[in-house]
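Structure, as structure tokens:
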Amino acid sequence: MKHANKYQRTYFNVENAPMRWIKKDYVDHAPIWCSVDLRDGNQSLIIPMSLEEKLEFFKMLVKVGFKEIEVGFPAASETEYEFLRALIDQNLIPDDVTIQVLTQAREHIIRKTFDALKGAKKAIVHLYNSTSVAQREQVFKKSKEEIIQIAVDGAKLIKSIADETKGNYQFEYSPESFTQTEMDFAADICNAVIDVLKPTPENKVIINLPVTVQVSMPHVYANQIEYMCDHLHERENIIVSLHPHNDRGCGVADSEMGLLAGADRIEGTLFGNGERTGNVDIITLAMNMYSQGVEPNLDFTNIPEIIEVYERVTRMHVYERSPYSGELVFAAFSGSHQDAIAKGMKWREEKQLDTWTVPYLPVDPQDVGRQYDGGVIRINSQSGKGGIGYLLEQKYGYDTPKEMREDIGYLMKGISDHRHQELKSDEILEIFKQEYFNKTMPIHMLDYHFVRTNEVMVTLTIEMNGEKRDIVGRGNGRLDAVSNAITSSLNINYKDLLYKEHALTKGSTSQAVAYVGIHDEKGLMYWGAGIHDDIIAASVIALFSAVNRLMGGK
Ligand SMILES: CC(=O)SCCNC(=O)CCNC(=O)[C@H](O)C(C)(C)COP(=O)(O)OP(=O)(O)OC[C@H]1O[C@@H](n2cnc3c(N)ncnc32)[C@H](O)[C@@H]1OP(=O)(O)O
Ligand SMILES: CC(C)C(=O)C(=O)O
């Protein structure tokens with residue numbers, strides 16, 4: 001990277017900034033949220049949304065709980081204009097929702113905007129002009145005074161049309177490219193606009209301070225917001241709003257620090273759609289608050305449903321690792337993560353905790369409409385026994401012995417490694433059953449009969465190498481008697497029989513499952529499993545499965 005010196009440091013930090021915000025740990029209350037999906041989000045799409053698509057998106061935003069929605073730039077196109085008319089004429093705006101429209105500080109555009117707003121019960125009219133050094137010099141080729149004049153003229157015009165038409169309007173002003181503007185000039189231009197718009201406690205003016213292009217670090221933005229909060233006229237009648245973009249990937253950090261520094265409102269979009277790298281992702285912001293115990297006043301309990309609408313109407317894709325919403329953000333493939341999650345979930349269940357403390361999962365996936373089954377613990381060659389055991393237990397009810405989980409773990413990850421594929425949960429169940437259950441080769445156990453005196457005696461009918469025969473054994477218990485019959489009559493050597501059984505609670509049955517583990521002479525462990533209505537039958541089948549596996553059979 002030879003050319004770093006061609007980039008000037010274009011941030012405008014505040015000298016001797018008081019930085020009061022730095023002592024705060026978290027955002028302790030929800031800001032006023034304004035969705036700009038239908039304007040900033042829409043203006044950056046390859047194919048902007050159609051009228052019907054915007055209507056569907058609007059309804060979704062209302063359902064999520066937005067009370068302020070920037071619905072478009074009515075002077076931009078017929079679709080934008082007609083969409084606003086449809087909202088008003090078809091009475092589609094709930095009483096507790098305020099629509100917002102954007103306009104440049106140009107007379108014909110302002111007039112067209114008010115034209116489009118006729119009949120609206122209330123609306124926020126959002127006026128902007130660019131204030132940065134680069135835009136003043138290169139785009140507008142105007143002095144600071146002339147740039148202030150554009151804003152003041154625009155403010156005067158929106159105020160006079162609003163007064164004339166007696167509409168229920170609130171005003172918003174954005175010094176576009178605010179963060180690339182000298183702070184004293186940004187305050188001057190905003191104050192000139194405030195002096196024209198004359199905010200009142202009943203009708204506050206929104207001063208929106210955008211990170212139009214992100215060029216500095218979040219603490220610089222926080223200092224800038226703090227400066228503006230300290231220098232704006234009539235601060236008590238001003239709503240300080242943030243509108244961060246994400247060029248440096250710091251949209252969320254900018255927003256959070258800006259809120260700590262005194263802002264009241266956030267403009268952003270779902271999934272961070274918007275110009276270039278996007279606007280700040282409101283889902284992340286809201287869920288960050290939620291995950292620290294703060295009610296965000298937006299409802300993201302069904303993110304998959306929101307994704308479905310969003311991807312369809314915008315033709316965009318939600319990135320797999322997008323915070324809280326991406327398909328993989330609650331998925332753990334790696335063994336140690338899975339193990340910790342499985343233990344954390346168990347801990348929570350056992351202790352009946354109301355609070356969320358599960359390692360590796362910053363929030364409960366169910367809170368955003370994700371299921372544990374199949375979504376959290378996913379199996380590939382990086383997985384471990386903890387996760388695989390948890391999945392078999394949680395999804396299918398097989399509470400395998402701790403010692404057996406290692407065997408199952410290595411089996412599954414080996415298969416995944418060779419196939420070079422993730423194993424889906426139904427495949428895992430299939431492999432588990434095929435590998436451990438009902439092994440009948442080389443010894444096929446056909447029948448058994450117990451007699452109990454002071455000890456247990458068993459007679460087993462088996463088929464081996466095409467030959468049927470009876471074998472007999474004695475022991476303290478029934479499984480012990482069967483095991484003795486196998487070792488003494490068939491001359492098969494193994495030791496240290498491990499055993500576990502439980503009722504199968506998942507699925508259709510009231511069956512029992514048994515797991516039996518045996519060690520061969522070299523100390524290698526072989527596991528078998530059996531399912532049956534009768535627990536004794538399940539354990540006998542499990543033992544024969546283990547023995548058959550030890551003998552290399554099927
Ligand atoms: C950061 C943001 O996202 S801001 C929002 C941006 N969104 C959009 O631009 C989407 C909608 N825009 C449009 O459809 C069109 O740009 C329109 C209809 C608004 C205007 O179109 P046009 O007049 O054809 O062209 P254009 O936008 O290029 O206008 C450029 C002129 O407006 C001036 N201008 C641009 N922004 C502003 C502003 N906010 N206030 C006043 N004048 C402005 C420019 O200096 C330029 O002036 P010049 O003609 O003297 O050189
Ligand atoms: C109009 C303004 C707020 C804007 O979209 C931006 O600066 O990004």
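Each Cβ is built from the backbone N, Cα and C atoms, and glycine gets one as well.
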From Asp40, Asp470, Asp480, grab the residue that TrEMBL records in the same Mg(2+) site as His243, His245, Asn279.
Asp40
Other than Asp40, His243, His245, Asn279 themselves, what residues in this chain have Cβ atoms within 8 Å of the centroid of the Mg(2+) site's Cβ atoms?
Val36, Pro210, Val211, Thr212, Pro244, Gly251, Glu267, Gly268, Thr269, Gly274, Glu275, Gly278, Val280
Using DSSP, break the region 'Regulatory domain' (439-554) down into helix, strand and coil residues and give each count.
29 helix, 53 strand, 34 coil
Entry from the binding-site residues list His243, His245 having the most other CB atoms no farther than 10 A:
His243
Please identify, from the binding-site residues Asp40, Asn279, the residue with the sparsest Cβ neighbourhood, meaning fewest other Cβ atoms within 10 angstroms.
Asp40
Average the per-residue pLDDT over the domain 'Pyruvate carboxyltransferase' (31-304) and send me the rounded value.
98
